[in-house]
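Feature annotations, courtesy of Swiss-Prot:
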- 184-239: ATP binding site (BINDING)
- 318, 330: Mg(2+) 1 binding site (BINDING)
- 330, 332: Mg(2+) 2 binding site (BINDING)
- 156-363: domain 'ATP-grasp' (DOMAIN)
C-alpha cells in the first residue's frame, strides 16, 4: 500500500505478544501498555496473542486483561480468540487468515506488525524471519540483530570486535558444566550464571563460591542449554535507549539508573525477575545522576553498540559505570514496555512521551519498508 493510500485512513497495526518463551507474561504486560498508549486517532490496532504452545489467536485489544494483578501473571490462552496464521507469502499483503473451521478466510490485513515478544521464539530473529518472508513491515531489529542481541555470547563478541568495552565471561555448552581452572582464575568471584539466550533475569544466579556453580548451571539450563558465566562488575547499573528516526538518524535518550542494594534484606541481591516485576523493590532513577560529560560518552557508546550489531528501530543498551569507565553489559532489541520499564521512562525524561515514542517507531518502520536494506 502506498503512503498516499495510508494518509486516507488510519494505519493498521498488529500488536503481537505472548509467545513460547519463558518471558510470555512480560510480553503480555508490555503489550498491554502499548495498546493503552497507541494513538487511536492515527492507528487502527488489532491484538494478536501467541499462546505458550505457539498458536496465534485474534484477541480483544483490551489492555486491562494484560496486567499483573495480585502477583498473578497474564497469559494468552487457547480458545481465547479465533486461531489464525500469517502466510509466508508477500503477495498476500499482510493478510491474517483463519485456521479451520473457516479455513483461509481473511480476517484482517495489516500495514505494520509490532512484535512485542521477549525471549526466544520471538525476540531472537524467528518472528522477524517470518515477517520478512511474508513481506510485512515490522517494528524493530531485523533477523541478524535480533538473533545477536538475544545471544549474550555473540553480543559480547561483536561488541568486542568493534572495540567496545565488555566484561569477562565464559560459555558452557553441553555436555560441559564446569569451568576450567584458568577460567575460574580469570573471572574471579562472584560470578553471574545466566541462560545465554534469555531475559528478564529468569534463570539467573549469583555464585559466590565455586561449589555453587553446578546448581546455578543446572538452574540456567532449565531455560537454555547454553550457559554464560559472567564476572561480576562493581559499578552503577545504567541504561540508555536508542531510537531510530524515520530519516535513519539515531538518537540516544537520557540515562536511567537501577539501584538494588539490599533488596529484600539480602546483601547479594540483584535485579532479578521478582525484583523487576513482582516486588516493586528496586529503585529506578530517571534521569540518572551522572556527570554530563560521562552521560554523553555513554550515549555515544550506546549508539556505537546499536550500530555494531546492525540494529534497527530501537534498543536499550545496559551498562556498568565502573571506576575505570563504562562497560556494556548487553543490548535488548525489544526492551520491556511495561509501566515500570526503563525504555519508555527514559524517553519520557528526554521529552518524548509514550504515544509519540510508539508513533515514531511505526513511522520509521513504514519509511524503511520491506526487503534488504
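Just so you know, glycine gets a Cβ as well, placed from its N, Cα and C.
Regional average pLDDT for the domain 'ATP-grasp' (156-363) in the model is 92.
On the backbone, the CA of residue 318 (Mg(2+) 1 binding site) and the CA of residue 198 (ATP binding site) stand 15 Å apart. With residue 332 (Mg(2+) 2 binding site) as the anchor, the candidate binding-site residues are 198, 212, 219, and the one with the nearest CA is 198.
Across the fold, the C-alpha of residue 191 (ATP binding site) and the C-alpha of residue 330 (Mg(2+) 1 binding site) stand 16 Å from each other. In this structure, the binding-site residues under consideration are 191, 233, and the one with the smallest number of other Cβ atoms within 10 Å of its Cβ is 233.
In this view, residue 205 (ATP binding site) is surrounded by 21 other Cβ atoms within 10 Å of its Cβ, with every protein chain counted. Within the set of binding-site residues (212, 332), the lowest number of other Cβ atoms found within 10 Å of a Cβ is recorded at 212. You'll find the Cα of residue 212 (ATP binding site) roughly 24 Å from the Cα of residue 330 (Mg(2+) 1 binding site). Cα separation, residue 205 (ATP binding site) to residue 330 (Mg(2+) 1 binding site), rounded: 17 Å. Look at residue 330 (Mg(2+) 1 binding site): DSSP puts it in a strand.
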